[in-house]
Every structure is written in structure tokens, then in C-alpha cells.
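> The structure's right below; bear with me while I get my questions together.
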Amino acid sequence: LPCALPWSLTQPVTPDLLVSPSSQDGDMGSECPEDRGNWTGRLDFLLSCIGYCVGLGNVWRFPYRAYTNGGGAFLVPYFIMLAICGIPIFFMELSLGQFSSLGPLAVWKISPLFKGVGMGTILIVSLVAIYYNMIIAYVLFYLFASLTSDLPWQHCGNWWNTDLCLDHHIIKAGNNTLPVNISNTVSPSEEYWSRYVLHIQGSSGIGNPGRIRWNLCLCLLLSWTIVYLCILKGVKSSGKVVYFTATFPYLILVMLLIRGVTLEGAWRGIQFYLTPQFDHLLSSKVWIEAALQIFYSLGVGFGGLLTFASYNTFHQNIYRDTFIVTLGNAITSILAGFAIFSVLGYMSQELGVPVNQVAKAGPGLAFVVYPQAMTMLPLSPFWSFLFFFMLLTLGLDSQFAFMETIVTAVTDEFPYYLRPKKASFSAVICIALFLMGLILTTEGGMYWLVLLDDYSAGFGLMVVVITTCLVVTRVYGMKRFCQDIHMMLGFKPGPYFRACWLVLSPATMMALLVYNIVKYQPSEYGNYRFPTWAEVLGILMGVLSCLMIPLGMVVAVLQEEGTLWERVQQASRPAMDWGPSLEENRTGAYVASLAGSQSPKPLMVHMRKYGGITSYENTAIEVDREMEEDEEESMI
């Protein structure tokens, strides 16, 4: 290990492999993990995972997906897909991170040939972090706008409103006296969002973004400042912040739920949300939508779960935590649906229109429909503030995970240079991503945000997850991976997990990938259709993360010796220092490992070529023989 170098220079005595863990200097085993940082308590990890998984998608995507895909019947494929690909992949990521105590790049010591998967992950997370914090900036904008006695999107008559603006009071009381075609009108909240907040009329399209909206720019700066202050000391600071950001949204959600179900007409929305339409289950689209919801809601493939688990103690019960987080995430989504649709039911009754005409997903729900519904309630600024504060806390802890993933991945690659300066490095990353996100604060910034949202974590993320699953089970070996989990938890995963990892999870992910490619639709925002060059740019964003995998393979092969096939074989084997980070946890095959060597066979070649201590060569031969036996068994 890199941290062992000073020790070896000052005390050039018996080689590490010939010394038992108990006879070594006590400081040596703990120097690296202490320098890297750990959670200060078990709840830090659990709450961080809950905060990471329970995000904006639970509020603005799940309810809409449920009602458009069979209502209550959607819960059947939802929980089946949770069992097939959600829980198993979630547990796999936590296991990899906790076993190795490494970030998304360094963890590929498990098979250096596939280090490009980690590079692709970091690229995806960086792109997502740029636009995700812009959404948080929008939330901050609305949060500040709610600090008034009269919400600014409540009535028409403002400078940003047009002649098409018509508020709900006129719709409700003046329909008979005003000869207005309601279908050709626009709500005050929609014009506030598009014409005041975004000022999208100042842009002719994605190629002409217009001027920077300085109020949005300041909100984006504030959101990056909040994120930086919370990750300043790594998991030791963010682990404490999540005690608030991961729990407080539940309090607000319950308050909104109670207020929603007590409104007149709430039953209309809830009935619309949950009425089962079992004929939808015969459609493949419903099953694909359920799998997509699970895939993105749990945040698998982004590296956040692996990063958080890498700061655990070696024997943390991540098996229990997996079920707590995944099932808690599902229940939260369902509760959020009740809170949203109860208010939409009340809103549809007030406007005298069907629920499906007011129901939307994504930013349309958060920044247009729900704010409009808030104006119909007594104490509307109070409920508006609560709603946007809930969105703020939901978004922040997901953003913490994205940033911690990027920082951890790079500092684990360059521990000597960056770990002592982690706070400064985090500041550099935040500033860089803030500057790259400035285009999102322009009048046409929403077009760029939609492009990033559609392509940054699309098929590229699925390729990353599929490759990870196949490498762990096929290249590294299912038997060896289960033995690693047995070392940590005291038991091996059962047939359910092994079947999912080997067949069901990768098959489901591949089906999702094929579906996304076959059913590809160009991006659009309202009536705006993106030009061809923008589509090509978006596709390149997804392709670039996939190209990291073959690029990483080329680099790994070039670092080895021998014929091409020998190089591929050597690079696909785990690095010699792969395994638990603490000496007391390195049992079994991991006791006999040399720090810093690339793979067992190059070590043998080096020893035979240059000579050396016999015990080193014997160790290399034993490790090599064990690995070859495992490979033969897996082939049989």
C-alpha cells in the first residue's frame, strides 16, 4: 500500500509477507484508513444511503409513472423489478465498496483490465452533478419567492404575463360571464416559470442561449456553496448533515400528505393514482418503465453507493442495510404519490377539469402544477415554502453523494498528493462544475438541462452497470465474490442473489438497454424540437462514457508484459494488493499478497528474472495456483 512506503524505508527488515499481522507495528495497519476517513457512526452510512436514494425522482417521477402505467397495478412489476435487479445490484455495489475500502476508480484493482468502467462512471456522475445542482438552484429560487404574503405566481397582471394568462379564480367564478376558451389559456404559475424564472422567450433555441439570468446564477452559486460546506470534511461532515437532510423531508411529506387528503376532492386524485388497470401488465412497456424507475431511483451505477460503503467498517451489516434502504425508498415513492395526487385531485375539482389534464411529471410538476395548487390553499406561502424546502433537502443529499463520489475516486488514485488537500481539491471540483453549469443559467439554459438529463445518464449508465455485473460474476468469479462477502458478513449470499447476479439482473439491464435504443425518441421541450447537431452532441455524451471501457483496456494491456493474450489474462486478474485495507481483515488468500505489484504472474516473472527471497516466489506460486484452480472450477 502507498502509505506503507515510509515505514518500509525507515525499517528495512523482514518483508511484509513473512510477518504475521499481530507482530507488525500497530500504526501500520490503521494509518491509511484513518487518513482516508470513516463514518463516525453506523447511522451516518444508513442515512446517507437513504438520502442518496430518496431524491427528487420519488416525488416528481414515480407518481406520474404509476398512473400512466396501470395505477395500482404498476406496483406489481415495480416490486418484481425491485427484487430482480434493484436489491441484488444495490447489494453488489455495497459489497464491493465495503470489502475494498476503495472508490469507484481504485476498486477496479479487482480487474485492472476494466478500470475504464470506473472512468465512465466518473464522467457520468460529473455531467449529472452539473445539471442536478441547477435544479436545486431553481428550488432555491422558488423557496425565496415563497417568503411573501402573496405568492408571485398566484395572479395575472404582472409584467411577465401575456393576454393568454387566466388564473383559477376567474376559471372557477367567471366561466359563465367571460367568453374565454380555457383550452387556449395559460396558468399564472406556468408563465411565472417560463417567462420570469427561465425568461425562455429571450432564447430562440439551444444554439442561441441568450443572456445569463443573474438571479439564477446567484442561486446556482449558493447551491454549490452549500454543497461544498457540507462535504468540506468528507464523510465526517456530510455524514452529520444527512441526519437533517435525510429525515426532515419525511416530516414535511407527512404534513403535505395529511393536508392533501383532508382537501375536498382529494379522493379523485387518489382514485386516479391507484385504480388498478391490470390489462396494462400485458404490455412490455409497463415492465420496462418499472425497471427504469427502480434503476434510477436507487442510484445504482453512479458510484455513490460504492463510495459510501467504502467508508464503512469491514464487518458492517450491509445485507440488512440493503433491505432497509431499498424497501424504504419504494414506500417513500408510494407515499409521495398520495401526497401529490391528493392535491392534484383538489386542484382538478377547483378547475373543473379531469385529473389527467393537471397531472405532469418532472419540472412541470414541481415548478408549475404543484405551485399552482398551493395558491388555492389557505396560508399558501407556508405550504409552498414547506414543499420547496422538502425538495431542497431531497436534492442536496443526492448531490452530496455525487460530489463525494468524484472526490473520493480521484483522491484514492492519488492519495499522497490529494488526501492532505482534500478540502482544497473539493473546492476546485465545485468551482469547475459551477463554471461548466453557467450555461444552464442562461435564458435558453432549460434546453441544455433537458439535453443533459436525457443523455448524460442514459444508455451509458446501463452499459456501466451491465459490465460491472458481468466482470464481478464472470471475470472475478462468483465463487470468489461470495467468499469475500463471507469474510465480511459471516455468511455467503443465497441462491436468490447468485441467480440474480449471474442471469436475471444483467438480462434485465440488457433488455432495458435494447428497449432504450429501439424506442429512441429525439429530445424535446414543450413544442421545441432539438436540432440534429444537439441530438448528436447528446448521443456523444452517452457514447463517451462507454468508450472509457475499451480505452481503459488498452491502457491496462500496454502496462503488462508478454503476448497480447498473456497481457489480457494478466490484466484481468486482481491486483496483488486487492482485498481488505486493514491487515487484521486480510485472511485466507489475502494474507499472502504483495503491496504494489500488478498481478501474480508478472510478480513470478520478476522474481525468476532478477532473483529474490525464496518466500516471495513461493507466495507468488501459491497465489497463482489458487487462482488457476478457481478459474478451472469456474470453467467446468
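Cβ coordinates are placed from backbone N, Cα and C, and glycine is handled just like the others.
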> TrEMBL pairs Cys165 with one of Cys156, Cys217 in a disulfide bond, so which one is it?
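Partner cysteine, according to TrEMBL: Cys156.
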> What range among 361-381, 382-402 does TrEMBL record as transmembrane segment?
382-402
> Tally every other Cβ atom lying within 10 Å of the Cβ atom of Ser297 (Na(+) binding site).
24
> With pairs 6 or more apart in sequence, are the transmembrane segment (290-311) and the transmembrane segment (538-558) linked by at least 3 Cβ pairs under 8 Å?
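No, the transmembrane segment (290-311) does not contact the transmembrane segment (538-558).
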> Please list, in sequence order, every residue of the chain apart from Gly51, Val54, Asn58, Ser297, Asn329, Leu394, Asp397, Ser398 whose Cβ lies within 8 Å of the Cβ centroid of the Na(+) site.
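Apart from the listed residues, the neighbours are Ile50, Tyr52, Cys53, Gly55, Leu56, Gly57, Ala246, Pro249, Thr332.
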> Looking at the transmembrane segment (241-258) and the transmembrane segment (455-476), are there 3+ C-beta pairs under 8 A, with each pair at least 6 apart in sequence?
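No, since the transmembrane segment (241-258) and the transmembrane segment (455-476) share fewer than 3 Cβ pairs closer than 8 Å, they do not count as touching.
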> In terms of Cβ proximity under 8 Å, which residues at least six beyond the ends of the transmembrane segment (45-63) contact it?
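Residues packing against the transmembrane segment (45-63) from afar: 39, 135, 235, 238-239, 242-243, 245-247, 249, 273, 293, 296-299, 304-305, 308-309, 311-312, 316, 321, 324-326, 328-329, 332-334, 336-337, 340-341, 361-363, 365-366, 390-391, 394-395, 397-398, 400-401.
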> Sequence gap of 6 or more, C-beta under 8 Å: which same-chain residues meet both conditions with respect to Leu394 (Na(+) binding site)?
Val54, Gly55, Leu56, Asn58, Val59, Thr245, Pro249
> For the transmembrane segment (75-96) against the transmembrane segment (538-558), do we get 3 or more Cβ-Cβ pairs below 8 Å once near-sequence pairs (under 6 apart) are dropped?
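With fewer than 3 qualifying Cβ pairs, these stretches do not touch.
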